[in-house]
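**Q** According to TrEMBL, the protein carries these features:
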DOMAIN    A:29-385  domain 'Luciferase-like'
BINDING   A:60, A:106, A:156, A:160, A:231, A:232  FMN binding site
């Protein structure tokens with residue numbers, strides 16, 4: 001068996017109270033409602049860096065979950081990603097108290113024009129010293145479209161066409177506007193930068209156009225590490241061209257391996273190498289000193305969870321109002337603009353509301369790994385090997401103890417088995433994830449796009 | 001003579017190398033080119049809090065200064081606000097190392113839709129514990145319009161009409177969507193929030209429309225403290241309706257008093273009280289242990305300044321290319337979409353290029369106050385009393401020594417004379433600036449707009 005790279009680890013969180021495992025905010029020890037305070041996040045960042053996490057992966061949603069029961073009632077009562085604050089603003093404070101922890105932050109391409117967004121991410125890459133990733137999302141909620149004065153969200157595939165165009169504009173700004181030698185910082189010669197090496201870029205795309213100089217000088221990574229989570233056919237094509245990290249959902253390692261192979265084939269078809277993407281599967285871990293302690297903890301958590309809130313979240317993702325369905329009705333749907341992979345998987349599995357509620361015992365539907373550090377480490381190895389993945393996005397349960405438990409019990413067990421690093425590598429997030437340079441490799445579309 | 005309130009102080013800076021006093025980046029002790037690093041900003045925040053500054057006022061520009069000589073050549077060589085990074089992202093890191101310092105950050109209303117921008121500022125207000133102000137700008141550079149695919153910037157007055165509409169949308173989200181009692185945080189009853197007290201707002205304005213729930217729960221101030229710098233007729237009307245802090249330019253106290261009176265009259269005409277706005281005048285201070293030392297320091301600074309770069313900055317603000325003019329040509333212009341007050345003042349003063357260069361000895365055109373702490377304090381008192389203003393925006397010269405010098409020499413001199421606070425007050429930025437509540441007063445348009 002070939003030597004495998006160490007398992008990669010992202011913590012998966014969100015600037016809100018209820019993220020994935022719904023209802024756990026009611027647990028007496030849970031402090032996720034302190035999301036409004038900087039200390040909550042700087043403490044988290046320190047904990048994750050103690051555990052040598054590769055990155056904190058921050059989800060986001062613009063819009064509200066108003067499908068279930070046709071209202072926001074349950075979303076408000078159980079704080080199902082409502083309220084939800086801007087995730088981007090957490091990074092500077094967390095970067096200031098850490099040195100190596102990376103950040104992958106979700107931003108919807110529909111929020112602002114690429115010209116100002118390019119500067120926003122370049123600024124983050126500067127301030128973090130090259131530790132920024134961007135999780136590219138295109139949005140799927142009609143409530144978000146109405147909020148900005150449109151009738152409904154654009155059709156699913158066209159959102160990716162628009163995002164392709166958005167990325168092409170960004171690549172020109174990030175990669176093409178300032179040459180590497182443009183900034184001189186020469187006080188004696190009074191030459192801060194050489195104007196001959198700063199280029200106005202022009203973009204005339206189907207959705208975006210403009211011409212201008214990038215406002216930021218080159219940052220350590222130029223283009224941030226690009227993450228994406230699309231699993232539909234169109235989403236996979238988008239990932240094959242752009243993504244360096246892909247976040248997948250899978251019920252078991254067999255399903256993970258199917259998605260991972262399909263993704264790597266698409267990446268190769270796009271002129272890249274199979275190892276040019278790192279694949280992360282989402283899981284929930286509950287751990288303790290022993291298997292028994294972990295099982296007890298799980299039972300305590302489950303007693304505070306809200307499977308109904310999980311169902312409301314599923315309704316938003318699938319576009320199907322599950323409130324009026326009977327427990328044994330199959331969950332079926334016609335064409336929808338919502339998350340394609342969610343609805344396809346539900347139909348393929350002939351999912352009923354009863355089975356869905358069973359899956360949602362902890363309030364979320366991510367595969368659950370429960371046990372001592374040794375048990376969890378063994379199961380993570382199995383996922384990695386059988387699932388053909390590179391790492392995990394770990395959902396939060398009861399905050400912050402879930403992170404501290406993982407660092408205390410699982411990290412040493414992974415390290416003892418040679419499955420996890422024992423110190424951070426040097427350099428930018430991209431360099432540490434791929435072991436090559438700080439910048440996009442030449443074979444990535446973004447490294448070439450601006451020359452076009 | 002009535003007791004006067006203590007002088008208010010903002011430090012005026014920008015997330016770039018050359019801000020106002022151009023060329024000083026070449027001074028051997030200047031470290032403004034460390035703007036890319038978080039430490040530079042957290043150190044500044046600590047220094048300002050040591051000096052009891054009310055706020056750090058961060059400028060911004062989206063676009064480049066390409067009027068002078070028809071290119072960005074000088075802007076790149078002297079780093080005239082190019083490169084320029086996003087200012088908003090500095091706040092979370094600076095807030096994490098301070099407790100009372102406020103922040104007034106410039107954001108152009110043209111960057112993003114009010115729905116997502118409302119959340120961005122609410123998030124900042126949460127994370128800073130109610131210490132955020134927003135300096136509202138509408139943009140004036142054609143280079144910015146071209147960057148986002150438009151031919152040229154919108155006509156001057158219509159930019160304010162659009163900004164009025166933008167603010168009305170924001171007020172509905174900030175003030176009207178979540179009632180004060182909406183958030184319960186009741187774990188035992190499983191009720192995070194009461195949906196009956198969260199309202200969908202609708203806006204159908206001439207420029208912006210949409211309907212939705214604000215994504216953020218109410219922050220300490222709800223609406224951030226609103227700053228504005230428009231001095232034109234239309235800009236003053238905008239300020240009269242919205243602004244709580246107004247940043248003015250004036251060559252001397254007489255000119256400041258003229259603007260201050262005109263502003264307060266407009267505020268009263270808008271149904272508010274004259275003391276509902278705080279007026280800040282921009283000045284540059286060079287200080288030292290003695291008057292002689294301060295004068296020596298000034299001479300040293302002047303030797304490193306770039307009056308030509310200051311002229312290029314003036315060209316961008318006025319829309320007039322000064323490069324081809326003769327030294328004694330008067331600076332005249334036809335109608336322009338650029339900064340109205342700049343061009344009007346130049347014409348009224350029959351300004352020539354030679355006189356302008358003389359004004360720009362330190363690289364910027366702000367009134368200069370030079371001397372020991374006692375001398376500067378006396379001059380600041382004169383400005384306050386004769387200029388009928390409330391405080392100052394202090395430009396930076398050689399960074400960071402200009403801030404340290406001010407805190408060391410001027411702050412104690414102001415305090416000894418009873419002109420400045422000796423400790424921070426409690427509460428939010430708004431409460432500390434106005435001595436009333438954390439929220440907009442009922443007489444402010446924003447406190448009522450959402451009910452319409």
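For all residues, glycine too, the Cβ spot is worked out from N, Cα and C.
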**Q** Relative to the Cβ of residue A:160 (FMN binding site), which residues of the same chain, six or more apart in sequence, are found under 8 Å away?
**A** A:138, A:230, A:234, A:235, A:237, A:238
**Q** Which one of these binding-site residues, A:106, A:231, A:232, has the sparsest Cβ neighbourhood, judged by other Cβ atoms within 10 angstroms?
**A** A:232
**Q** Just report the maximum Cα pair distance in Å for the recorded FMN binders A:60, A:106, A:156, A:160, A:231, A:232, no decimals.
**A** 20
**Q** Using a Cβ cut-off under 8 Å and a sequence separation of 6 or more, which residues in the same chain sit near residue A:60 (FMN binding site)?
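**A** Those within reach of residue A:60 (FMN binding site), by Cβ under 8 Å and sequence separation of 6 or more, are A:14, A:15, A:84, A:86, A:87, A:105, A:106, A:107, A:108, A:137.
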**Q** What average pLDDT does the predicted model assign to the domain 'Luciferase-like' (A:29-385)?
**A** 94
**Q** Let's check the environment of residue A:156 (FMN binding site): how many other CB atoms sit within 10 Å of its CB?
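**A** Counting Cβ neighbours of residue A:156 (FMN binding site) within 10 Å gives 19.
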